[in-house]
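Asker: There's a structure below that I have some questions on.
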Amino acid sequence: MTEIPSSFVLPDPEWIYRVGIGQDSHRFLPDEDPKPCILGGIIFENTPGFEANSDGDVVFHAICNAFSSVTHKGILGGLADELLKTKGITDSVVYLQEAVASLKPTQRVSHLAITIEGKRPKLLPQLPSMRKRIAEVLHIPLDSINITATSGEGLTAMGQGYGVQCFCVLTIMEYCRY
């Protein structure tokens, strides 16, 4: 049997980690459409918005889906659709706030890793603003979030400029007495 080195620190046995994976994608509207392009809660000028019933923020939608994979509560396609039908709410910030509220009192967001693929808009200049906005909505430190962006070298519809897709991995810490 292999011995565990004394320098190896085991995690506190009262904390367990849950990992959620989220994805979303939307096609761009025609260039002349006035709907704004919103990603990570930030408006991108000179880029059309997305075909969606909501504001189409694929970053916030992917994060919502990651929360759903941890909490088992349908935010998109469930609660978001209900908010749209009954109150006309299309703001993905509200959907993400509901996702955060779906956590148990014993759960906390530990880390969020985001990857965005698309030919447009140019994301790099806005990544700090996006991280800040996401941190505000999730109530977590800025250094708990990272965003990478890729064009995908034009190999997918997203990389060819037809839309944007986002993947994310959400790590939740849960206090659990055994």
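Yeah, the Cβs are placed from backbone N, Cα and C, and that goes for glycine too.
According to Swiss-Prot, the protein carries these features:
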| type | residues | note |
| --- | --- | --- |
| BINDING | D24, H26, H61 | divalent metal cation binding site |
| BINDING | D24, S25, H26, T150, S151, G152, E153 | 4-CDP-2-C-methyl-D-erythritol 2-phosphate binding site |
| SITE | N53 | site 'Transition state stabilizer' |
| SITE | S151 | site 'Transition state stabilizer' |
Asker: Counting only other Cβ atoms and using a 10 Å cut-off, which of the binding-site residues H26, H61 scores lowest?
Answerer: H26
Asker: For a quick check of understanding: among the binding-site residues D24, E153, which residue's Cβ has the most other Cβ atoms within 10 Å?
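Answerer: The largest 10 Å Cβ neighbour count belongs to D24.
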Asker: Determine, for the divalent metal cation site, the additional residues of the same chain whose CB lies within 8 Å of the mean position of the CB atoms of D24, H26, H61; present them in sequence order.
Answerer: S25, F50, A52, G56, D57, V58, V59, F60, A62, L76, Q165, C166
Asker: Just checking, which of S25, N53, T150, S151 (recorded positions) has the fewest C-beta atoms within 10 Å of its C-beta?
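Answerer: Across S25, N53, T150, S151, these recorded positions, the one with fewest Cβ atoms within 10 Å is N53.
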Asker: Rounded to the nearest Å, what's the C-alpha distance separating G152 (4-CDP-2-C-methyl-D-erythritol 2-phosphate binding site) and H26 (divalent metal cation binding site)? Just drop the number here, would you?
Answerer: 16
Asker: Taking Cα atoms as reference points, which of the recorded positions S25, N53, T150, E153 is nearest to H61 (divalent metal cation binding site)?
Answerer: S25
